[in-house]
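Copied over from Swiss-Prot:
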type	residues	note
REGION	47-79	region 'Disordered'
REGION	97-149	region 'Disordered'
COMPBIAS	99-112	compositional bias 'Basic and acidic residues'
COMPBIAS	129-138	compositional bias 'Acidic residues'
DOMAIN	161-308	domain 'Cupin type-1'
């Protein structure tokens, strides 16, 4: 669930061995290893699952055009998670030119997982002391999360909270909508239930940009309005791309990338129930912003101007209202 990249800055070839522990407590899926690539056009890494993946891919392309729901199937497919979204949608989400969005989908990239960097990477690294201080602060926060045995007894725990109040919003965009979250930090009883919740309100055409749950499965329930939900798996296939309305449920597996957009006629309001009392979310936009410019340029084959556009113009938070220039592309 945590995005990372590796660069060999030495003079010799590097052989790295990765151990994937699918039985760890954070994994809420099955024991099948899955690798989610944000960029490139990677090959299948686990041959034992390739036959199953090909079968799903054939089933997807055998559907009638009218049942596919979105536009991404009309474009050439890649194997990264962003290839499951259409270029038009990515251009709207990241507020970029359509050419940049097409490169993000990496449909014709023949480099697979490994990219050769000409001239080396120029990266600003944080000082070691800063990293140590951050680790100490995280350890302190973890130690303070234990129950104190006094105010956090079962009998005295608060059991109700209204996360739909506008003033309660954790994230807000006056043109796109708002997001409110309830977890064991704001409602401690959720620790015993191992659940958390998220309330999302999207205005007309508002977008909750592509994101994924690092440590939880989620259940999306529409309470008002209508819109579209897109879900992409580890092979870059859109496993769900359809309109949703009041009363409908959608299950989003852990680490699957999902994006929601409200309709043109009315907004979209929904609740998301998550199977972890402190569910963590990663947003593709924030990942791009935190990734060094040279890494993005080499990974996606972007020019410097496009990297700047992607890191700055398209990263104003996970709630987005499509710009007129993106809509006209």
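Heads up, residue numbers simply count up from 1 along the chain you see.
In case you wondered, yes, glycine gets a Cβ from its N, Cα and C as well.
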The domain 'Cupin type-1' (161-308), counted residue by residue under DSSP: helix, strand, coil: 27 helix, 66 strand, 55 coil
For the domain 'Cupin type-1' (161-308), mean pLDDT (0 to 100): 94
